[in-house]
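Report on the following structure.
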């Protein structure tokens, strides 16, 4: 169901899939930053109800993630009025209709639209057909979930795998290009982002500039309201227009204005509110050009393009009562609005006065001011009541005048009907006489009695009509072709899904039969010394089936023999290790299946829908820090939007650095690294292949991420020569490169090292890392006292495990799905997230730790317990709910306290080391060397 235009929002949308894009090297950095052109512009949309129904300018924006065409009042609006589904729509237009008018027809609804010109209309139709064709082909690839969209408004620039869709066949594209209409440009600047800044169809109203300013203010204020969602961002206050001193309601509540369908057979036009005429021309009769010229395209309506005020006195007389009635209604509405506003202000003022009087005893001056204000309000009410009485008298006089005008209109309508019949009869007589004269005259040169100039005009009109019909024929042929292909694709997808369902059902039956045999054998075992037990045979078969790898037949027919677990996950990490034993492989495969099932829960789908709604509301603007965005990021960023969100988070944190540097700062550092030797380059080369060996992007020297990782680390070492390179930086940069390009990954490393973490965190002494471990121990004793006492009882130093958590932000410590959700919140909020999730991991497995009564068993469980945590929703609930309150000031104070203690300890250790070195040198200098014989004696 589509939502209505007035005040309604776009439907909940689903999360979107990924378009294949490759990250670029240094030479391609500039091209990677170019964003694809956005299909947007002004169109007139038919909306309203009854006599107020008409075309209104709307700003349309195409969203490729869901194949929706959103429409707004102005380009500055944050919330769309509604949307049109393009993926399953068809398009049409009438050659004889008004110029630029076309329709978009979806399931059960029609959207009449009007472009400024025929050229712009052709451009929109061509573009919408192309977008629908691309969307249908990506959807038809069979690699799209039921709740996700295949394309992205912001393509990924990192290393993570994307969906690679098959290219369209050349023959089909050639046929489509043959039927394509000829359009020169995009309509002379009437389509695109520039049209939002320049003059447009919406600028005809002189009040639009003031309304746009108010809209921008409301959009900016909507992010400052805490505790409100997208649905509640509407103002119900009244505002005043300084030029007219009239009150109008800002963002009135939504009204249901169902859009009426136009019937192409008849054209009904009304005069006023009660008189309707129907001039229907029989399609079987021949057209009369003389009558068409006299009637002005044969339509008696209120269209300003087909007639002028000087040639239509009947229309002026007919529309005068309607104007008077509307003016009277508007005056009454304005008066009622003024009264209601005054009453509201008076009640609010009285309530405020009452509250202040309850708190403090009012002074005599305040009472006097209040009495004066009440007297002024009483005077205003009296004057408005008098004004209302005068308006009532004026209303009575206008109603009497309206009755007289209606009688006159009726008489004029009767005369108009008689004149129309007379003109029609005369026209028929003229046509008959012209036909008889042409038949009687035998000379073909005398057949045409029209002057040469009129004959040339008729010929030009016929040529234009012929050209219009040719364009319409091409467009309709292309539309029929594409709709046929779309229908066939839908049928093939349905058949493929049925075949997949059948194959899965057969596989399930086979597995159930094996388990039944196994249960039967366990119930009544058959012992045999010479032969192997049947139960063992069944168990071995089940294990082989569970660990069976993809064969060539499965790759050729993935539908009939589906494989539920792929070799790599969506981030490029191996799901099943190769060098482990079969039992560990089976455990890894079970873990991958459980992660996949958790990612398909309703909660994950709802998070994707919330992100789609939020990004749709920010389609015309950049992201802004707000409580709503913070709550969404804490739920986890969907895979297809993570690149955009990470890029924005990094840019926000390093803006103070980048504003004072040259745009080519990163490329300059790379050039310096290539020309000059770097003392950190040797260690960087040693650690490249040891960074993420279980990720396919860094598994071999020829992998796509190795060179990019080398560039980022070398550039960072030249920016921070005091740090150079520290083990741990390579993993931070490698994770960032999965979703960001080289330059953004470089700035993300700067944000972590120079903004988030304290000084000396990644230096040789690792002073900041040692301080954080002591702060974490304090938090453990406060938040998890039982577990902390348990570790103290058995003298287990858990900092040997947690030290790496803080240094590399949980890389290689948790499963990939949880890792990237932690990074989402970490890049937005900072290092406090590490403490939250470190405590949450221990809280998640607290009962299991308390059951262990041996220090060796506890430390062994410490090494691998994080890999057994799979439910990211439960972990995030513990981190962001159970760990509250969690003030950052407390962490900073404890860091300062422990920093002084660690520095004193390091100073003492350095003094002890220096003393030991001096004593050893002294003992070596005073030592005498003797022979073996002397030593024996």
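Backbone N, Cα and C atoms are what each Cβ position is placed from, and that goes for glycine too.
What you see is a predicted model, and the numbers here were worked out from it, not measured in a lab.
TrEMBL lists region 'Disordered' for one of the ranges 232-260, 261-289, 290-318, namely 290-318. TrEMBL assigns the feature region 'Disordered' to residues 434-453, out of the candidate ranges 394-413, 414-433, 434-453, 454-473. Note on TrEMBL: of 346-380, 381-415, 521-555, 556-590, the range annotated with the feature coiled coil is 381-415. On the 0 to 100 pLDDT scale, the model's mean across the domain 'Rab-GAP TBC' (636-830) is 92.
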